[in-house]
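Visitor: What follows is a structure written as structure tokens; I'll ask about it next.
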Amino acid sequence: MRAACVILLASLTVSVSPGGQAQALPGEGDPSLDELLQLLRSMLTQMEDENHANGEQTEWLEKRQHPGKREEDGGRLRRQHPGKRLSLEQVMLEEPSEQSELSKRQHPGKRYLMLLHKRQHPGRRELQEASLAKRQHPGKRLCEDWSETGCDPASVLLELLDRSGAEEKRQHPGKRLELEDDLTEQE
């Protein structure tokens, strides 16, 4: 709107200024200042009426919105963190105490077997630590099923002692063959 007014005023000053006038049509006199002001007022009121008709559109164009807080259909929809995306139905169905616990990230090495529903004194957490399952590296698993014959506690301890004495360094798979060949040649 301001730009249109500036253009209109600039054109009026050019047309009224001496030397800037074009040849007038025959039968037309020079417009008086009152006529020019009346023309200007009518044009401005016409522009205001057009702006009121397109008022919603101009407000939408003028007001920039944050991409995560766009207003659609009167309600505000917010984007969520990709790791915490839950549908509205899921959030409403869950209990409030579980919502706070489920939304928290956990250490990758520990998986909750059951949710802890309330915070406890730090000294009492050790009792609950037994309910947490510690993840082990797949190559380092000793016994997955303790009912097997080789998985009694005594044999596991003996195996650990044997491993600790002969610590082997992991090597590139292609180099292992060369070392095995060297060992067989030395014998």
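Just so it is clear, glycine is given a Cβ too, placed from its N, Cα and C backbone atoms.
Copying in the features that Swiss-Prot gives for the protein in this structure:
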SIGNAL    1-22  signal peptide
REGION    49-148  region 'Disordered'
MOD_RES   Gln65  pyrrolidone carboxylic acid
MOD_RES   Pro67  proline amide
MOD_RES   Gln80  pyrrolidone carboxylic acid
MOD_RES   Pro82  proline amide
COMPBIAS  105-122  compositional bias 'Basic residues'
MOD_RES   Gln106  pyrrolidone carboxylic acid
MOD_RES   Pro108  proline amide
MOD_RES   Gln120  pyrrolidone carboxylic acid
MOD_RES   Pro122  proline amide
MOD_RES   Gln136  pyrrolidone carboxylic acid
MOD_RES   Pro138  proline amide
REGION    164-187  region 'Disordered'
MOD_RES   Gln171  pyrrolidone carboxylic acid
MOD_RES   Pro173  proline amide
Visitor: According to DSSP, which of helix, strand or coil covers Pro173 (proline amide)?
Guide: helix
Visitor: At 10 angstroms around each C-beta, which of the modified residues Gln171, Pro173 has the fewest other C-beta atoms nearby?
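Guide: If we count Cβ atoms within 10 Å for the modified residues Gln171, Pro173, the smallest count is at Pro173.
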